[in-house]
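K.L.:
Just lifted these from TrEMBL, have a look:
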DOMAIN    B:32-81  domain 'NLE'
REPEAT    B:131-173  repeat 'WD'
REPEAT    B:174-215  repeat 'WD'
REPEAT    B:217-253  repeat 'WD'
REPEAT    B:263-296  repeat 'WD'
REPEAT    B:389-421  repeat 'WD'
REPEAT    B:431-472  repeat 'WD'
REPEAT    B:473-506  repeat 'WD'
Amino acid sequence: MPQNEYIEQHIKQHGRRLDYEERRRKKQAREGHRIAKDAQNLKGWRAKQFAKKRYSEKVEMKKKIKAHQESKVKTPTVENHDEALPTYLLDRQNNNTAKAISSSIKQKRLEKSQKFQVPLPKVKGISEEEMFKVIKTGKSKTKSWKRMITKHTFVGEGFTRRPVKMERIIRPAALRQKKANVTHPELGVTVFLPILGVKKNPQSPMYTQLGVLTKGTIIEVNVSELGLVTAGGKVVWGKYAQITNEPDRDGCVNAVLLV
Amino acid sequence: MATVIPPPSKKQKKEALQVRDVNLIPEDLPNVLIKFQASDTGESIGGSIRVPGSITEKQLEELLNNLQNEDDPVPYSFSVLIDDKLTDVKDDLYHSILKPGHKTTEDFLTLVYTPRAIFKVKPITRSNTAIAGHGSTILCCSFSPNDSSRMCSGAGDSTARIWDCNTQTPFKTLQGHTNWVLCVSYSPDGKLIATGSMDNTIRIWDAKTGAPLGKPLTGHSKWVTSLTWQPIHLDESPKLASSSKDGTVKVWDPISRLCLFTMSGHTNSVSCVKWSGSNIIYSASHDRTIKSWDMSANGKCIQTLKSHGHWVNHLSLSTDYVIRKGGFDHKGGKLDSISSKELRAKALQEYEKVAKINGVINERLVSASDDFTMYLWEPLKSSKPICRMTGHQKLVNHVNFSPDGRYIVSSSFDNSIKIWDGLKGTFITTLRGHVAPVYQTSWSADNRLLVSCSKDTTLKVWDIRSKKLIVDLPGHSDEVFAVDWSLDGKRVASGGKDKMIRLWSH
């Protein structure tokens, strides 16, 4: 049994000190005084630490107060609707609170700045040793020019392996992926969509060519199932998505749609 | 990445080698015995006739016109009665009936004929203009019954606007409401426009000048969801009925500006109201019921139609189109050139033509609901539904009877439009093509075409005969909320979230 659990067990068996509640109340009541004293008297590194902690606490508190105030304000039901709605859609809309509106504005600002950004802007580099496994060939296994990719790959439709002598890099069949779990960030739905191609692997242009699927890779997926439409009324079917997990750790590809 | 078209599969090669069916009619086809039967009265004409089995639709039409001794030929469509089901004759008898094996040449064929509209509406193919003007989302639009040059639209900028569609310019701005204009409706005599708004009021406007007539009609405590006018053959100065979110239906006299009746029986928001030709108001509500109010008995509630399991969204009467049309026909007419008496007589005649089946007035009602189903009712006969129409996979937003009442079309949030038989409620076909919820549909006056608007920013025109998409009309840059086909078939107007009124024509 871990140490702290012995304490709990003891409390369960024998109860607390009789003046426990009283002492706790008093300690809490004195807490303000203690903080004020510390704020004045602490010096050096400890003062710095204290100030930093205190600052973050205050920010937290202010945020909380603001959130409470926001959630209480209900907009006058109609006037602040930015979009008019026909009668048949009127009662279908959720209550429009100020919070939702302000968060949607924030969202919009965020989107504007993120137009050229992807959800995962930076990924950890993968070394060649990790990516490739050296395969020894030749009668006495002395040659080592062959490599096997240890990550998941997308090889495309109708792919046939090259002759054994020519094939320098092997993409194992067991690690090939055809479909990805793609999440639409705004709709909040996840759909299992076929992959059309690998657009860019941030690790290296060679990996892009090989179709290696690692975290942060941009893939093109077939979104005809989602029923997205362009301004001209045409159905969109190819869209880019970024992989959000390490496929070789999970055994599946999870991605988020770039919109 | 370049892609190469894959070589044809074995199956495809095999298919390509196989002999194609050629639309040839065998020469040794024997004659068949047929009988003509009218679809509306059930009378048969000319007894049994022996005709060649390869007879075409055109020839049948000519034969029938000869038998009826009419001066100017009327176009007809034919269908064959097979086990109480109607199968349409397309092109010729051989290919539509005999070849698929519905009947043999030795059977006796009963051909049910229905007169088609004499004129033909051309499918719209292009956008004439996009007229800016409204400052916010356009929520509704409606053509005038007498003249396709006038169209009225309501928008979120709390104005309604009348447009001159001939010159494609704004004509008048109807200002007065203090909130969104949710519904717009022309009176069946074409003289007045009623607008219902989010500010709980209804306003009446002169359609010709765009001048407001008096003060707003106040009384509702929540916004107005739908407006309907009394059919013109019932009263010289038609009354107006309005439904509201507050659960009431009110009947107004637009001249004296008084609220005549208030019908409060619904326990939740009333979503749609329709005034039938037999002077009964039908109202659909979010409390899952449809109520009928007899206006000749001072608005007494005579029926409560219960079957739906969720909100009832929309209603349509088999006579909707003819009532909206009033006494005007597809040629339109100047308001002053026709006396109101003539107009009413014409309206009654037209109404009876559509409403009567076998000589009895038969108004059918179809209701669309959030429970993904529709019900077909014959409220004059019974408060039990004729048919439950299932098949949609999401809520049904809009239903619409064809102008002659033969078809029902339903648009749903599952991106599909379904066509149903207007008499029995049996399923006919599904029109797929939209990639987002379909909001509304509108029929062309000749029953041949249908236009639908959707969240996917397009309008689509469908052919009812072949049940296929004819034209896809992109153009709007955002959701399209309202669409209307003018009563003479020349134009289609649409409006939506992109604040533009678009006019479409052939």
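Heads up, the Cβ atoms here are built off N, Cα and C, so glycines get one too.
TrEMBL does not curate its annotations; it predicts them automatically.
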K.L.:
If we skip the immediate neighbours and take only residues 6+ beyond the ends of the repeat 'WD' (B:131-173), which ones have a Cβ under 8 Å from one of its Cβ atoms?
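P.N.:
Same-chain residues near the repeat 'WD' (B:131-173) but 6 or more away: 179-186, 188-190, 193, 195, 197, 199, 205, 207, 209-210, 324-326, 328, 332-335, 481-488, 490-491, 493-497, 499-503.
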K.L.:
Go through the chain and flag residues at least 6 beyond the ends of the repeat 'WD' (B:263-296) whose CB is under 8 A from any CB in it; none is fine as an answer.
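P.N.:
Those are 222, 225-231, 233-234, 241-251, 302-306, 308-317, 319-320, 322-323, 351, 355, 361, 363, 365, 367, 369, 377, 379-380, in sequence order.
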K.L.:
As a test of reading the model: what is the averaged pLDDT for the repeat 'WD' (B:431-472)?
P.N.:
90
K.L.:
Let's see if you can do this one: DSSP helix, strand and coil counts over the repeat 'WD' (B:263-296), in that order.
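P.N.:
Counts, helix then strand then coil: 2 helix, 20 strand, 12 coil.
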K.L.:
Please list the DSSP helix, strand and coil residue counts for the repeat 'WD' (B:217-253).
P.N.:
0 helix, 18 strand, 19 coil
